[in-house]
Amino acid sequence: MSKITIVQCPQCGTDVEWGEQSPHRPFCSKKCQMIDFGEWADEENAIAGAPDMSDSDGWSEDQY
């Protein structure tokens, strides 16, 4: 018998059973999944890292 894994929805905190019966995992619903997607699309969320170098940072193709 396999152990049931329960995770919390990253958007609202609701418990979600991790398995085929939860098609939006790790989210509890399509709504929470789309809210999260919107936050990424609006750049409210980001993966930490070095900032991109742009022309405003003094970089140009003429330097190389």
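Just so you know, the numbers here start at 1 and follow the chain as drawn.
Every residue gets a Cβ built from N, Cα and C, even glycine.
Same-chain residues at least 6 positions away in sequence with a Cβ under 8 Å from that of Cys28 (Zn(2+) binding site) are, in sequence order, Cys9, Gln11, Cys12, Thr14, Asp15, Val16, Ser22. In the three-state DSSP classification, Cys28 (Zn(2+) binding site) falls within coil. Per Swiss-Prot, Zn(2+) binding site is recorded for Cys9, Cys12, Cys28, Cys32, and the stated evidence type is sequence analysis.
What Swiss-Prot lists as region 'Disordered' is 45-64.
Per Swiss-Prot, compositional bias 'Acidic residues' is recorded for 54-64.
Take the binding-site residues Cys9, Cys12: by the count of other Cβ atoms within 10 Å of each Cβ, the lowest one is Cys12. Note on Cys32 (Zn(2+) binding site): other Cβ atoms within 10 Å of its Cβ, all shown chains, come to 19.
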